[in-house]
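Shown next, in C-alpha cells, is the structure this report addresses.
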C-alpha cells in the first residue's frame, strides 16, 4: 500500500510541476461565452484593471444577464462531476452593494453561487455538497469598497482556499462539492435572477478554471503545493474502488469454489427419469404407443403412426406384448379360420369327447387338456369356452388371468373372455383398445363450459374456470361478481368502488389523489417544513411549526415553552430554539440545551477587559469592573482595540458605522445607533426602517410578498433583510456543538448531536478509521458497497462503523 501511495504522489507532483500555463480547454471565460458587449442591455464596456481583456460596468437593475440553454450546457459539461476548480474575477464593487457575482442554480438549489455583501462586509460561497444539502461558507472581508481587487476561490475536494490580491486570506476544510447539475439549470452573471442579487460595479476576467490550483493564472508567482486535496481524495477513491473490485472478486471466487464442490458431489449429465428408468440426454425409447426422447432433461413424446406390415405366406399382422404396432406373426389355418401362434381351439370329437388343438409352427397340433377342477356353481351357470375343454362359472374373472391393457386402458370381463376398454375421457390408439390417449375436450369442442368461463383440459376430463371478475355457480357456469358489494376489491379506504362487467374500478374520493388502489390526501397549498398531509387540506406539522400549511414557526422563547438558565438568552430558530450564553459568559464545553453550561468569563484574567493602566480590573459575574487603587486619582479612561479612549468619550466603530460606543469609567459600552425617523438627516443605511421610498421596498424570493426597507425574515435557513431595495441574506447562526455524529432534522436548519452514526447525515470523516465488511475486506470511511449475498442491501463505512440498509425501490425492481 505504501508503495502505491508513493507512486501516486510522484505522478501528482510531476503533473503539478509540469508548468504554470493554463490549458485553454480547462478555462471557461464567462464573458466570452456570454458574448457580452456594448449591445448587451444593462451593462457597459468600460476601462478595466488592465487592457488585456474587456471590463463591464454592471449598474442598471433592468438587466437580465442569463446564459442561453446551449451556452449553459456547454459550460456545465466542463464542470459536471468535477471536484477541483477555481472561480476567478477582477472586480471593483460599489460601496454598500450586496450582489451576486456568479450563480448556478436549479429551482431552490444553489449548486454554486458567489456573492459579496457590502451590508455585512463579507463574501459568501453557496454550494451543494455531496450529501445533497445546501452549504454556505462565509468569509468576513470588505470587498465592496469601490476599489480594484483580484479575487479567486479555489475548491479541491474538501479543501478551499481564498485569495484576494494574490494573498491567501482564508483556507478551510469544507464538505465536498456536488456539481452534478441537472438539465434546465440556470447560469446568471451579476445577479441571482431577474429580481434579486444585483451586483453593482465593474467586473473583468470572470473565469472558471477546471484544474488544480487555478489561481496561478491570475497570480503566477503564488506557490503551488503537491499534490492537491482533490488528488489525495482521488487516490483514496481509487483505493476504495480497488477494494470493491477485490471484494467482488473474492465473492465470485468463493461462489465458484462452492459450486465446484457441489459439482464434485453430483451427477451432472442431463438425464430424464421416467417410470423409474433413467435415460441419458438425446436417448430415445418406446413408451407404449409413444416414441420419447430425452431433451434438455425433459422427456418429449409423440404418438406413433402405425402402418400395416406386408407379411409373407404363413404370417399375418398381429399385436405383440410390449409393442404398439402390429408385427408379422406365424398363423395356422383350421376349418377355414386363422389362428395365431399359441392360440387354442376346443373341438368336440365324434365320441363327444373334448379335443384341444394349439397353433404351433403354422400347424394346429393336438395337445393334452389340463385336468378340470370342480366348479362351485350350478350346472346352469356353466359356460363352455372355445379356447379350452374346461368349463368355467358364469362371471369368471378372466382379467385376473392376465391381460395386455396398458396406458389409460382397463381390463373388462365378458362372458367368455377379457377385453380392453379406454377409460372415460380417453380414446383408443388401436382397435384392441390396449393403448389409449387423452381426449382434449376443449380444443375439440366436446365440453359443456358456458359463457364467462374458460375451458381447461385435464387428463380424462376438463374443467370450467371462471373469467376474472366472475363467480362460479356450478361446474359449468359463472356469473358476474360484484367485488364492491362483497368487499373483495382492491380499492383504497379513501376511494369509491364502482362495479364493472368482469371487474371493478377504484376512484379516489374528493380531496385525495392516486390511482384508486392507493389514495393520498391532497393539501391545496401543500405542507411546508416537513409537514404531512393527513386529510384533505389538513397538515400534521412537525414539532416547532404550526399553521394550516405548517408555514409558521413556533417561537418557543416568546411563547414561554422553554426556560433558559439565568446566564443564557433564548434564541428562536426555525422549528427549534437554543439557549445562548449572555455577554460575559461562555459555554464550558458541555453544550447543555437549557444554558446550564454557561459560566462566567474572567475578563481580567483573559485580558478581555477595557480598563486603562491606572485602574485595576475586578472580575464580576457576567462582567467586570475597573477600580481605582486606594489613594490614587484615576482617569477612568478605557482601552478599546488597542487605543485609549477617554472617560466620557463617544465614537463610531471603524468597521460598523451603525454602532456607537462610549467610555464610562473604564468600561466600554457599545450599542446600535438610535434611529430618529423624524430627523431628515438620519442615516438610512443604519436606519433602513426610516426609508419611506417605494423604490427601497424588496420583493420576497417567492415573488408573493413585499417588504419595507429594514424588514427581516427567514428563508431557506437564511436570515434575510431588505436594505434600500436590496435583499441580503446570510446563514442563520447555529449553536456550537461538539460531537462526532450529528443530524439536521427535516424542516430545521441547525445540526443536533446523535449517538447512532448510522442515523447521522453530517460526519467528520476520518479515513484512518476503517470497517471490516462481511467478507473480511477492509473498507475506508466513506466507501459504500452492496452486501455480499444480497442485491438490495447497501452498506457504508461511517468513521469505523458499518451501516447497512435495504433499498425498497431496489426490492420493487427485482
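Glycine is no exception: its Cβ is also placed from the backbone N, Cα and C atoms.
Annotated features in Swiss-Prot:
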BINDING   438-439, 441, 457-458, 461, 553-554, 556, 572-573, 576, 600-601, 603, 619-620, 623  Ca(2+) binding site
DISULFID  399-411  disulfide bond
DISULFID  405-420  disulfide bond
DISULFID  422-436  disulfide bond
DISULFID  442-455  disulfide bond
DISULFID  449-464  disulfide bond
DISULFID  491-506  disulfide bond
DISULFID  508-519  disulfide bond
DISULFID  523-533  disulfide bond
DISULFID  564-579  disulfide bond
DISULFID  581-598  disulfide bond
DISULFID  611-626  disulfide bond
DISULFID  628-634  disulfide bond
DOMAIN    480-520  domain 'EGF-like 3'
DOMAIN    636-691  domain 'VWFC 2'
DOMAIN    696-754  domain 'VWFC 3'
CARBOHYD  51  N-linked glycosylation site
CARBOHYD  223  N-linked glycosylation site
CARBOHYD  296  N-linked glycosylation site
CARBOHYD  515  N-linked glycosylation site
CARBOHYD  613  N-linked glycosylation site
CARBOHYD  633  N-linked glycosylation site
Residues of the same chain, at least six outside the domain 'EGF-like 3' (480-520), with any C-beta under 8 angstroms of its C-beta?
452, 466-471, 533, 535-537
Residue 619 (Ca(2+) binding site) versus residue 455 (disulfide bond) - Cα distance in angstrom:
100
Of the disulfide-bonded residues listed (442, 455, 506, 626), the greatest number of other CB atoms within 10 A surrounds the CB of 626
Going by C-alpha distance, which of the recorded positions 411, 442, 553 is nearest to residue 581 (disulfide bond)?
553
Going by DSSP assignments with H, G and I as helix and E and B as strand, what are the residue counts for the domain 'VWFC 3' (696-754)?
1 helix, 25 strand, 33 coil
I'd like to confirm something. Which of the disulfide-bonded residues, 464, 491, 519, 533, 628, has a Cα closest to the Cα of residue 422 (disulfide bond)?
464
Please identify, among the binding-site residues 438, 553, 619, the one with the smallest Cα-Cα distance to residue 491 (disulfide bond).
553
Whole-number Å distance between the CA of residue 553 (Ca(2+) binding site) and the CA of residue 296 (N-linked glycosylation site)?
70
Just checking: which of 51, 296, 515, 519, 611 have a Cα that is within 10 Å of the Cα of residue 438 (Ca(2+) binding site), counting only these recorded positions?
none
Quick check for the class: what is the C-alpha distance, in angstrom and rounded, between residue 436 (disulfide bond) and residue 572 (Ca(2+) binding site)?
90
